[in-house]
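A quick write-up on the structure given underneath.
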C-alpha cells in the first residue's frame with residue numbers, strides 16, 4: 001500500500017533523509033518569528049510538501065514546474081524567515097538529477113540560480129557581492145548536485161542492465177549447453193548403445209553355435225557399457241558450473257598421470273568472473289589440456305594466467321609435435337572458439353610442427369561498476 005503513496009526507490013534510499021529534512025523545515029518555520037502569521041506559514045509548509053511530493057513522482061516538465069514552485073517557496077523562506085533556508089534548494093536539486101533529459105534538468109537548475117540571486121539582491125542590495133558571499137559555494141554545489149545524481153543513477157541503470165545481460169547470457173549458455181548435450185547424446189552415447197544392442201543380438205545368436213566368440217562379444221558389451229556409463233557421467237558433470245580453480249587442479253592431475261610436467265604461472269589479482277564466463281573458460285581449458293594429453297606427445301606444459309582491469313587471459317603451451325595444417329579444425333578447436341564467442345571472448349591457436357602448440361583464451365572482466 002505504501003508503495004502506491006511513495007515511489008519504491010525513494011522509499012528504499014531516501015525515506016529517512018526526506019523525513020529528517022521536512023521535520024527540520026517544520027521546526028525552523030514554526031519556531032521562528034511569524035512574519036505573516038501562523039496560517040500563512042502553515043500554507044507555505046503545505047505547499048512545500050506538495051511540490052516535493054509531485055517532484056518525486058515526475059521526470060518531465062511537471063518535475064520542472066514543481067521544482068520552480070518549490071524553489072520559489074524556499075526563496076520566500078530565505079527572505080522572511082532565515083537566509084540559510086536556501087539550503088533546502090538541495091531537495092529540489094536532488095530531484096532534478098532524476099529528470100528525463102538534460103533539457104529538463106537545465107531548466108530546473110536555472111530556477112536554483114534565480115533563487116540565490118533574487119534572495120541576495122533583495123537582502124543585500126548589491127548583486128555583485130554575492131560572488132564573495134558564503135552562499136556562492138552553496139549555489140555552485142546545488143548546481144552540481146543534479147549532474148552528480150544523474151551520474152549515480154546512470155551508473156545504477158548500467159549496472160542493472162549489465163546484470164540482466166549476464167543473466168540472459170547464462171540462460172542462453174544453458175540452452176546452448178542443452179543443445180550440445182543432446183548432440184553428444186545422439187553422436188556418442190547413441191552410437192555406443194547401438195553397438196551394445198547389435199553385439200547383444202549377435203551374442204544371443206552365437207551362444208549355441210560358437211560359445212567362445214559369444215563370450216568375446218559379451219566382454220566387449222561389458223566394456224562398451226562401462227564406456228557408456230562414463231559418457232553419461234561426463235555429460236552430467238558438464239551441466240553444472242565449472243570452477244576455474246577446480247579445472248586447474250584437474251589439469252595438473254591429468255597431465256601428471258600422462259607423464260607431462262606442468263608449470264602454472266599467474267600475474268595480476270584474480271578478478272571475480274560471472275559463473276557463465278568462468279564455466280566457458282574452464283571448459284575451454286579442459287579441452288586444451290585434453291588435446292595435449294591425447295595428441296601432442298609433449299613432456300612439458302605451462303599454463304599462464306594474466307589478469308588486467310578489463311580482461312583475463314589464459315595461455316596454454318606445450319612442447320609437443322604441433323598441429324598439422326592438414327588437421328583443419330579438429331582437436332576440439334571449434335568448440336573452444338564457440339565457447340569464447342558466447343561470452344564475448346576470443347580463442348587463438350598457434351602451432352609449429354615439431355615445436356608445440358599455444359592456445360590463448362581471453363575473456364572480458366565485467367564488474368558491477370564497469
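Yeah, the Cβs are placed from backbone N, Cα and C, and that goes for glycine too.
A TrEMBL annotation is a machine prediction, not a hand-curated record.
As annotated by TrEMBL, coiled coil applies to 155-182.
Residues or ranges marked as domain 'Histidine kinase' in TrEMBL: 184-367.
Feature annotation from TrEMBL assigns transmembrane segment to 12-30 (among others). Beyond its flanks by at least six residues, the transmembrane segment (12-30) meets 6, 38, 41, 44-45, 48-49, 52, 77, 81-82, 85, 88, 91, 94 of its own chain at Cβ-Cβ distances under 8 Å.
What TrEMBL lists as transmembrane segment is 36-54 (among others). Sequence-distant contacts of the transmembrane segment (36-54) (same chain, at least 6 residues past either end, Cβ-Cβ under 8 Å): 18, 22, 25-26, 29-30, 62-63, 66-67, 69-70, 73-74, 76-77, 80, 88, 91-92, 95.
Look at TrEMBL and you will find 61-81 (among others) tagged as transmembrane segment. Panel annotation: around the transmembrane segment (61-81), residues 28-29, 32, 35-36, 44, 47-48, 51-52, 54-55, 88-89, 91-92, 95-96, 98-100, 104, 107-108, 111-112, 114-115, 118-119, 122-123 of the same chain, lying at least six beyond its termini, place a Cβ under 8 Å from a Cβ of the stretch.
As annotated by TrEMBL, transmembrane segment applies to 101-123 (among others).
Taken from TrEMBL, the feature transmembrane segment covers 130-149 (among others). Long-range contacts of the transmembrane segment (130-149) within its own chain (CB-CB distance under 8 A, at least 6 residues past either end) are made by residues 83, 86-87, 89-90, 93-94, 96-99, 105, 108-109, 112-113, 116-117, 119-121, 124.
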